[in-house]
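Before any comments, here is the structure.
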Amino acid sequence: MAMAFCPKDQYWDSSRKSCVSCALTCSQRSQRTCTDFCKFINCRKEQGRYYDHLLGACVSCDSTCTQHPQQCAHFCEKRPRSQANLQPELGRPQAGEVEVRSDNSGRHQGSEHGPGLRLSSDQLTLYCTLGVCLCAIFCCFLVALASFLRRRGEPLPSQPAGPRGSQANSPHAHRPVTEACDEVTASPQPVETCSFCFPERSSPTQESAPRSLGIHGFAGTAAPQPCMRATVGGLGVLRASTGDARPAT
């Protein structure tokens, strides 16, 4: 006969080839089967204890009376109120001590972190000030650069604009050099006449002529003109080359 599945409170006996109750073997010291069941049976026999299947151990009901399971209901209900209230009262000072400790730790932490917060605010103020200074320096640099570029684009005041305009507007500005030379050569020549020259008595006289431009275009210079000498009745007469000489009287 094959081995059959037995319930939790029984085990399979190979000699009998049947399921046998574990209660018969729990009293034996050398029992190897039904260990969990035997622990459960023995825990139920003890008052104020219950068997926890998750832990696989016997747990006292005193530690779970506030949140006790159903197995400990009869024990926690019969428990004296003085003992039931004693544990919460003992626990309250501990909670108070924990609160005091937490408050003290919070104060200590606050005292420790207080200067850190102040230091961070000072650092923030310092960084803001430095940022404003850097912005001001950058703006000044941009203004200086703009003024430099503006001055660079303006013409240099080496030559005044007035003479340029007057030279450009003058009628002789665009005339070629040949025309100017023609004007110089075409200007009226000074006239010199010699009349009644008496070489044996006095030097010939020179009439005043208007000051005009010479050969080279300088004022006050007179171009010399050759005179032709003629004898009229024993008198020497000089004639100008221009043909404006007057005969002697």
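Even glycines carry a Cβ here, placed using N, Cα and C.
What Swiss-Prot says about this protein:
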COMPBIAS  98-111  compositional bias 'Basic and acidic residues'
DISULFID  Cys6-Cys19  disulfide bond
DISULFID  Cys22-Cys34  disulfide bond
DISULFID  Cys26-Cys38  disulfide bond
DISULFID  Cys43-Cys58  disulfide bond
DISULFID  Cys61-Cys72  disulfide bond
DISULFID  Cys65-Cys76  disulfide bond
REGION    86-116  region 'Disordered'
REGION    156-176  region 'Disordered'
REPEAT    5-38  repeat 'TNFR-Cys 1'
REPEAT    42-76  repeat 'TNFR-Cys 2'
TOPO_DOM  150-249  topological domain 'Cytoplasmic'
TRANSMEM  129-149  transmembrane segment
Worksheet item: So among the disulfide-bonded residues Cys19, Cys38, Cys58, Cys72, Cys76, who's got the most Cβ atoms within 10 Å?
Response: Cys72
Worksheet item: Of the disulfide-bonded residues listed here (Cys6, Cys19, Cys38, Cys58, Cys65), which is spatially closest to Cys72 (disulfide bond) when Cα positions are compared?
Response: Cys65
Fill in: Distance check against Cys38 (disulfide bond) for the disulfide-bonded residues Cys6, Cys19, Cys22, Cys58, Cys65, keeping those with Cα within 10 Å
Cys22
Worksheet item: Of Cys6, Cys61, the disulfide-bonded residues given in the record, which has the fewest other CB atoms within 10 A of its CB?
Response: Cys6
Discussion item. If you compare CA-to-CA distances from Cys65 (disulfide bond) to each of the disulfide-bonded residues Cys6, Cys19, Cys22, Cys43, which comes out shortest?
Written reply: Cys43
Worksheet item: Taking DSSP three-state, what's Cys38 (disulfide bond) in: helix, strand or coil?
Response: helix
